[in-house]
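Worksheet: one structure, shown below.
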Amino acid sequence: MLITLEGLDGSGKTTVWEALHDVYPDATFTREPTDSWYGEAVDRSIAADDADPLAELFLLTADHADHLSGTIEPALADGDLVISDRYSDSRFAYQAATLAASDVDIDRPLEYIKGIHAAFSRPPDATIYLDLDAREAAERAGRTNKFEQDGYLAAVRKNYERLIDAEPDRFVRIDASQSPEAVIARVEEVLSELLGE
């Protein structure tokens, strides 16, 4: 089973992901961007305010393709539980906001990006969405890069809402404004239900 953790920067995904290592020690834990050379290129692009939005999208997509073939698919084939800190929904939400705010002439960026992935990507079995207001997310994240600004995160949050509306049965929304301990406890409950424990 592939479980993904999604939400705005600052929502606590990584904190939850790290806490789950103790609860599911035999699971395969992974994240996007990865630590491969593709992921390193993504990190460089994210840090650059002048990165071309289409080039950045395709760097992220290349990292995802490599992640699928090198980590996700082999782990699933072995029957592992896979828990990923970010996955394709991050790309849909974030890069659609980036493209919409750019000079790139794409009418429906979210649908465009989903279309690129449809040919090769594997959707998650379930997605835990850590929901947090854009302003609070930006404050928590520290506003250290172009993806951590209030206005941008508000657009990203709207894209996440569109994704949830399109597939409500796949997403489980958790209020991330609670304490980290409360969020972690709720995620553990949700995972237990999803895994039939």
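For all residues, glycine too, the Cβ spot is worked out from N, Cα and C.
Around the Cβ of T14 (ATP binding site), 14 further Cβ atoms fall within 10 Å across all displayed protein chains. What Swiss-Prot lists as ATP binding site is G7, L8, D9, G10, S11, G12, K13, T14, and the listing cites sequence analysis.
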With every protein chain in view, how many other Cβ atoms are within 10 Å of the Cβ of G10 (ATP binding site)?
22
Let me check the 10 A CB neighbour count of K13 (ATP binding site). How many other CB atoms are there?
25
